[in-house]
Structures are given as C-alpha cells and as structure tokens.
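*Asks:* Shown below is the structure under consideration.
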Amino acid sequence: MRTHYCSAVNELSLDKQITVCGWVHNRRDHGGVIFLDIRDRSGLLQVVYEPENKEIFAIAEKLRSEFVVRVTGIVRKRPEGMINDKMETGRVEVIGIQLEILNQSPTPPFLPDDHQIINEDLRYKYRYIDLRRAVMQKKLTLRHKLNSCIRNYLNEQNFLDIETPMLTKATPEGARDYLVPSRVHPGQFYALPQSPQLFKQLLMMSGFDKYYQIVRCFRDEDLRADRQPEFTQLDIEMAFINEEDILQLIEGLLKVVFKEILNITLPDKLPRMSYKEAMTRYGSDKPDLRNPLELIDIADLVKDCDFNVFASAANDNSGRVVALKLPNGCDLSRKDLDNYGQFVTIYGAKGLAYIKVNDLSAGMAGLQSPILKFLSETAVQSILNRVEAQTGDVIFFGADKAHVVNESMGALRNKLGHDRNLINPGWQLLWVIDWPMFELDPQSNKLQPMHHPFTSPQELSAEALRSKPTQTLAKAYDIVINGYEIGGGSIRIHQPELQKTVFDLIGIDEQEAHEKFGFLLDALQYGAPPHGGIALGIDRLAMLLTDSTSIRDVIAFPKTQTASCPLTSAPSPAGNAQLTELGIRLAPTITTK
C-alpha cells in the first residue's frame with residue numbers, strides 16, 4: 001500500500017515516485033494550491049496538490065484534519081525560501097498525482113499537536129488520538145528500543161527468557177493482591193503476581209542458571225506519579241553467583257542502555273553507598289546525588305540546651321536532631337518559611353525551626369530566629385561551625401524520632417533543591433547496599449523484612465540471626481538514578497532452615513509457612529543452589545530516559561490516579577449471571593447492572 005514512511009523521503013528520493021500513507025496533520029490553501037502535511041509515526045511530509053489535475057484537486061479540497069489518506073507523488077526539492085530545517089523532510093516536498101481517502105474523521109476533541117496543553121482526563125479518554133502526537137510516538141518508540149536493548153544484552157550474556165504464571169497463589173509481599181475468582185473451583189481465588197519472585201527462584205533450583213523476563217506485575221495499592229496498578233519490570237535471576245556478579249551485570253546493562261539510547265557513556269563501576277550512610281546524609285534510601293544539600297547531625301551539640309524540642313530528641317535513643325544548611329537562603333520571606341514549615345508536617349514533623357545568618361561576623365546579633373533565646377551562644381557557635389555557615393545562609397532543623405526526621409528533612413532537602421534550582425544537570429547513578437535485614441513496624445512493634453522474606457542475611461547462621469535480628473544486614477542492593485529507585489534485588493536464602501528462621505522472626509509460624517510457602521520450602525530441600533537476582537522498573541527507567549514527569553507518559557494505555565481507565569471505563573460492574581457462575585455474591589452496599 002505504501003513505498004515509504006514519511007521521514008524516509010529525502011533528497012535521495014528526488015524525481016522518484018513514492019507512496020505514503022498517514023493522517024492529514026495540516027491542510028493549507030495558498031493561491032489556489034493545496035499544501036498537506038501528512039503524518040505517520042516516523043514524522044511529517046509536505047505534499048502539494050496543484051489545480052491542473054481537477055479530479056485529484058477536488059478530493060484534496062475535501063480533506064480535513066485526521067482524515068486517513070494514501071498519497072502518491074513525485075519528490076522534488078522545495079523552492080528557495082520554503083525550506084524548513086526544523087522538519088526531517090524539510091528540504092523536499094511531494095507533488096501529488098494520486099490521492100485516496102482511506103477514512104474520514106469528525107473534528108476530534110483535540111488535535112494531536114504537541115503545542116496544545118490538553119487536560120489529562122481528556123487525553124486518556126481519547127488515548128488513541130493522544131498517542132498520535134509526535135512526543136508520545138517518540139516516547140513509546142524509545143521504550144521499544146529500551147526493551148530491545150535489554151533483550152539483546154541479556155541474550156548475549158547467555159540468559160534465557162522464560163515465562164512464569166500470571167494466575168498464581170496469594171502471598172504476603174507488602175501490598176494487596178489482585179484476586180481472580182476460579183469458576184472451576186468455587187470459592188477459591190488466584191492472585192495476579194506482584195512479581196515472579198518465587199517462580200524465578202524455583203527456576204534456579206530447576207537448573208536454569210540465568211533467567212530473565214520483561215514481565216507485567218500487579219499491585220492493588222495507592223497510586224502516585226511513579227506507580228500504576230499494573231506495571232512492567234525486568235526480572236533477572238542467576239545461580240552460583242554473589243552480590244558482585246549481579247552489580248557488575250546491571251552496570252554493564254545500564255552502560256549499554258545509556259550509550260545506545262542517549263549516547264551517554266557511564267563509568268564502568270557505579271558509586272556505592274550503605275543504607276546507613278544514605279539515611280544519615282540524605283534522609284532517604286534513594287538519594288538524588290545531583291542535589292548538593294545534606295543533613296548534618298547535631299544531637300551531641302544540643303543535648304544539654306534549654307530548647308526541649310532539641311534536647312528531648314537528642315537524648316532519645318530512637319531520636320535524631322539534624323541541621324540542613326541552605327546557602328544564600330536569607331532571601332526567604334516569612335511566608336516562604338511558614339510554607340516550608342507546613343510542608344514538613346505532611347511527613348509527621350511538628351514544625352520547622354530555622355536560623356537566618358544575616359551577618360556571620362556580628363555574632364548572635366547577626367542571627368535571626370525564634371529559637372535563639374533557648375540556645376546558648378556556645379551551642380549556636382558550635383552549630384554554625386559544624387555546618388560551615390556563611391553570611392546569607394539559612395539553617396533548618398529537624399528534631400524528633402529518627403524516622404520522622406529522616407522522612408521530613410529528606411523531603412525538605414528535595415523540595416529546596418528543586419525550588420532553589422540547586423539540582424545539577426546530568427545523571428547520578430548509585431548503588432545503595434548493606435540494607436538492614438529487618439525493621440520494626442511502628443504500630444505492631446513486630447519485625448518485618450526490609451525487602452522481602454526470601455532475602456539472605458549477610459550472616460548465614462540462624463543462631464546469629466535470632467540473637468541480633470535488628471542489627472543484621474542483608475545481602476540486598478538497590479539501584480538509584482537521579483533520586484528514583486529503579487530496581488532492587490538480593491541474594492536469596494537457599495537453605496531451608498535459614499528460611500524457616502526468617503519466617504519465624506517475622507511472625508509466620510511453621511503451619512502458616514507450609515500453607516503459603518510449602519512448595520518453596522520443599523524445593524529448598526532438593527539441592528537449591530546459591531542464587532540471587534534483581535528487578536528493574538521498566539516504566540520508571542523509560543520515564544527518566546524520556547525526561548517525563550510520570551510513568552503514565554511512557555505507558556500506552558495507563559490507569560489514572562484512581563486506578564481507572566477513562567478509555568474503556570474499567571473497572572466496571574460484573575453482571576449477575578457472571579457473578580452467579582463464579583459463585584460470588586456481593587455485599588448489599590455494592591450493586592451491579
């Protein structure tokens with residue numbers, strides 16, 4: 001039906017007859033001549049229809065935006081003064097000799113023009129029009145290139161692409177499962193997988209020592225800008241390896257991806273930082289290293305001060321007191337400071353103390369703060385020295401339980417970095433390693449795994465794990481790019497007794513363990529090799545590589561913030577006949593059509 005994509009028509013095609021198919025992007029009448037911009041996924045091509053061919057010209061006069069056409073013509077150079085170097089085909093045009101309308105279109109709710117600002121709900125309702133925009137075509141094309149690059153790299157590394165089940169058993173992995181009722185087993189349900197975690201471990205025990213899969217996963221949890229109920233991840237597992245093997249594999253993969261897609265050369269070895277250091281310096285386990293601001297501990301300087309907010313946190317074993325210096329921040333107004341104070345309360349902080357350094361050489365007289373009356377001159381001077389304050393700086397303080405300080409001041413650090421244009425351009429990739437094996441749930445005061453219950457501790461003794469579980473580190477690692485957690489993984493437990501110990505520590509007794517994970521515990525007894533892996537979020541990685549603000553921009557048909565699809569009206573009620581066949585009766589407050 002066609003001989004060329006639009007963008008393939010160039011000066012090498014001069015004087016040749018070509019045929020293209022696409023949409024009418026624009027139609028202009030100039031002096032009795034009709035100019036068409038024809039669009040396909042490769043780009044735009046200008047076609048000219050002159051009035052001498054009356055039959056074809058009459059068809060061209062009927063064309064409107066988004067009509068689908070087939071155009072045949074002769075390629076020629078554009079006249080001087082009409083060359084458009086902003087277009088890939090801007091030095092040529094096609095003199096139309098044939099024209100066929102393949103389909104018509106009413107006036108669309110919006111035109112696929114990148115210059116228009118379109119309401120997001122409208123974009124998703126008419127996603128098939130939205131996806132015609134050049135920016136969306138480029139983003140999804142880049143995503144395709146990303147997936148192809150990944151497959152090529154892993155295939156060359158002798159990995160096998162193996163599919164795992166979509167209908168599986170519900171397991172507690174930290175989020176709610178999507179359940180699928182079974183018609184042939186009334187009253188029983190499958191779960192859509194949150195990840196192929198257990199199946200890929202079973203593949204290692206089956207002798208497939210290098211597995212990967214670009215796989216859809218499902219989590220029924222609250223949405224954010226970087227979350228979707230269904231998402232795509234690159235899933236990798238390897239046997240007979242250690243942490244270093246995984247890190248080197250991913251460093252090699254990312255180096256190839258960045259070079260092929262962005263023409264950026266990454267270092268052979270990425271920087272590494274312990275979880276403890278990341279939380280101490282940045283208040284986050286996924287720090288954006290492009291931001292120069294850091295948290296500085298000052299608890300030792302304020303233990304004996306008269307400001308109870310500082311002193312109580314400084315003397316609390318689970319407390320923390322930090323300073324965050326904003327260079328040249330004295331221009332912040334009282335309203336600005338109040339807004340930042342309100343901002344940190346979102347993360348559990350009770351307020352935000354600050355000191356403005358108007359004139360460092362003037363001593364206490366050169367400082368401005370409501371808390372100065374509670375602090376001795378010695379304590380203030382020690383704080384100024386610790387943060388290396390300069391005239392014009394403002395110093396913010398966080399004092400509370402450590403987890404509150406980390407979350408609130410880490411978020412403030414990020415906000416200040418963006419508000420004050422402190423984020424350096426470029427790319428900062430980082431491994432966060434040496435994660436705690438467990439954390440204490442603040443509500444139940446029970447241990448819960450930081451990653452998942454199949455992660456191996458660095459200390460492989462079950463006795464040592466039981467004696468100091470909160471001090472035990474895991475063989476776990478996350479890859480962070482520009483402040484986004486792009487992937488995480490670990491070395492897995494391959495000894496059944498150690499796996500049972502971990503289950504016991506997190507409150508899963510032997511009976512529950514066998515009910516939920518009996519197949520895994522059985523498999524571990526039959527010669528399970530040492531193994532480990534990682535999963536990378538394809539959506540997030542594509543979002544960063546395309547400089548998008550949301551993963552919804554790199555997913556063809558995403559869900560909204562309310563986990564709904566305006567295009568298809570999903571989710572929707574099920575009919576009574578279907579519910580009856582599945583053996584389901586809805587609660588009285590829920591109605592069906």
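Just so you know, glycine gets a Cβ as well, placed from its N, Cα and C.
According to Swiss-Prot, the feature L-aspartate binding site maps to Glu173, Arg219, His451, Arg492, an assignment based on sequence analysis. Annotation source Swiss-Prot lists ATP binding site at Arg219, Asp220, Glu221, Gln228, Glu485, Gly537, Ile538, Asp539, Arg540. Per Swiss-Prot, the feature region 'Aspartate' maps to 197-200. Feature annotation from Swiss-Prot assigns site 'Important for tRNA non-discrimination' to His30, Gly81; the stated evidence is sequence analysis.
Let's see these features in context: how buried, what's close, how far.
*Replies:* Classification of Arg219 (L-aspartate binding site) by DSSP places it in coil, neither helical nor stranded.
Within 10 Å of the C-beta of Arg219 (L-aspartate binding site) there are 21 other C-beta atoms, taking all protein chains into account.
Taking Cβ pairs closer than 8 Å, the region 'Aspartate' (197-200) reaches residues 164-165, 168, 171, 173, 211, 213, 235, 237, 452, 454, 517, 519-520, 533 in its own chain, all 6 or more past its ends.
Sequence-distant contacts of His30 (site 'Important for tRNA non-discrimination'), defined as residues of its own chain at least six apart whose C-beta falls under 8 angstroms from its C-beta, are absent.
According to DSSP, Gly81 (site 'Important for tRNA non-discrimination') sits in a coil region rather than a helix or strand.
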*Asks:* Mind computing the max CA-CA distance among Arg219, Asp220, Glu221, Gln228, Glu485, Gly537, Ile538, Asp539, Arg540, which the record assigns to ATP binding, rounded to whole Å?
*Replies:* 19
*Asks:* Return one of helix, strand or coil for His30 (site 'Important for tRNA non-discrimination'), based on DSSP.
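*Replies:* Strand, per DSSP.
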*Asks:* What is the number of residues in the region 'Aspartate' (197-200) that are helix, strand and coil, as DSSP sees it?
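*Replies:* Residue counts in helix, strand and coil order: 4 helix, 0 strand, 0 coil.
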*Asks:* In whole Å, how far does the CA atom of Ile538 (ATP binding site) lie from that of Arg219 (L-aspartate binding site)?
*Replies:* 15
*Asks:* Which of the recorded positions Gly81, Arg219, His451, Arg492 has its Cα nearest to the Cα of Glu485 (ATP binding site)?
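*Replies:* If we rank Gly81, Arg219, His451, Arg492 by Cα distance to Glu485 (ATP binding site), first place goes to His451.
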*Asks:* Expressed to the nearest Å, what is the distance separating Arg540 (ATP binding site) and Arg219 (L-aspartate binding site) at their Cα atoms?
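*Replies:* With distance taken Cα to Cα, Arg219 (L-aspartate binding site) is 16 Å from Arg540 (ATP binding site).
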